[in-house]
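Trainee: What follows is a single structure, and I will ask about it in a moment.
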């Protein structure tokens with residue numbers, strides 16, 4: 001793209017407002033919930049550039065941001081947090097998938113769409129849906145419905161969870177565990193956790209990505225159950241690089257100032273990610289999902305949210 005085409009694009013006031021809003025999200029003045037609302041507002045007004053692939057940009061930026069967060073994670077603490085909560089991670093996944101099957105049958109809802117919503121709730125939202133969809137031969141509308149449902153609930157979680165955490169006077173660690181278990185997408189997990197505090201963010205990111213590793217066995221089992229193609233699995237590569245970033249920071253501690261900078265920059269780019277996610281949500285998309293998938297999503301979300309919270313507060 002040459003300079004003349006860039007300047008011609010900036011003559012469009014809506015495009016210029018969108019770019020300025022995106023840049024504002026990289027400043028300390030913009031919080032994660034504010035960024036999401038700002039993106040949603042611009043999308044509702046029709047001010048999102050239609051020739052930009054927002055979804056692809058969000059996916060790449062989110063991956064790079066999560067890798068950057070890895071440089072701020074202590075390896076020993078990460079192993080301890082993941083191993084200490086392994087039972088909760090596995091139990092929550094199995095519980096959500098079984099409950100999803102039961103509720104889908106009770107609602108007489110499409111089994112493939114129901115399984116996608118349950119997988120997204122059980123593991124890591126849109127990434128899990130994207131990985132499981134080809135494994136179960138899901139159609140485009142089934143995948144879109146599941147994604148729309150998860151995105152709506154993610155948006156609510158970004159505001160609801162920090163408020164509930166403060167209301168319940170949860171510690172940074174406990175809130176990090178709870179958000180990692182009960183919020184769908186990694187982006188909303190880190191958004192809610194970063195709003196609560198840095199320690200909550202580090203705990204939540206570590207446990208969420210440990211949970212995300214279960215995409216692989218769940219996608220394989222889903223392919224066997226639904227007769228899909230195991231060769232079409234779409235697995236998020238950034239998890240491995242996130243683990244590598246943690247290892248590098250542990251093995252080469254002499255570069256700690258650089259790691260601190262990467263961690264802080266990644267926190268700001270995550271806010272930008274939430275702005276872009278908001279820019280991809282419209283009222284039309286929310287209405288298109290209909291009542292049944294949203295009802296299923298809410299039931300599963302409330303079940304995993306309440307049970308995991310009770311476990312963390314009273315049994316951990």
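Cβ coordinates come from backbone N, Cα and C, glycine included.
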Trainee: Among 22-41, 262-281, find the range that Swiss-Prot records as transmembrane segment.
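Mentor: Per Swiss-Prot, the stretch marked transmembrane segment is 262-281.
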Trainee: Which stretch from 61-80, 85-107, 114-136, 146-168, 262-281 shares the most C-beta pairs under 8 Å with the transmembrane segment (293-315)?
Mentor: 85-107
Trainee: Are the transmembrane segment (85-107) and the transmembrane segment (207-226) close enough that 3 or more Cβ pairs fall under 8 Å, when only pairs 6 or more apart in sequence count?
Mentor: yes
Trainee: Does the transmembrane segment (146-168) reach the transmembrane segment (262-281) with at least 3 CB pairs under 8 A, where each pair is 6 or more residues apart?
Mentor: yes
Trainee: If you count Cβ pairs under 8 Å, which stretch among 61-80, 114-136, 175-197 touches the transmembrane segment (262-281) the most?
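Mentor: Result: 61-80.
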Trainee: In the same chain, who gets a Cβ under 8 Å from the transmembrane segment (114-136) while lying at least 6 residues past its ends?
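Mentor: Hits for the transmembrane segment (114-136): 92-93, 96-97, 99-101, 103-104, 107, 142-143, 145-147, 149-151, 154, 183-186, 188, 208, 211-212, 214-215, 218-220, 222-223, 225-226, 228-230, 232-236, 293, 296-297, 300-301, 304.
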Trainee: Could you give the residue numbers and ranges of same-chain residues that sit at least 6 residues beyond the transmembrane segment (175-197) on either side and whose C-beta is under 8 angstroms from one of its C-beta atoms?
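Mentor: Sequence-remote neighbours of the transmembrane segment (175-197) are 31-33, 36, 62, 65-66, 69, 81, 85, 88-89, 92, 120-121, 124-127, 150-151, 153-155, 157-158, 161-162, 165-166, 203-209, 211-212, 267, 270-271, 273-274, 277, 301, 304-305, 308-309, 312, 316.
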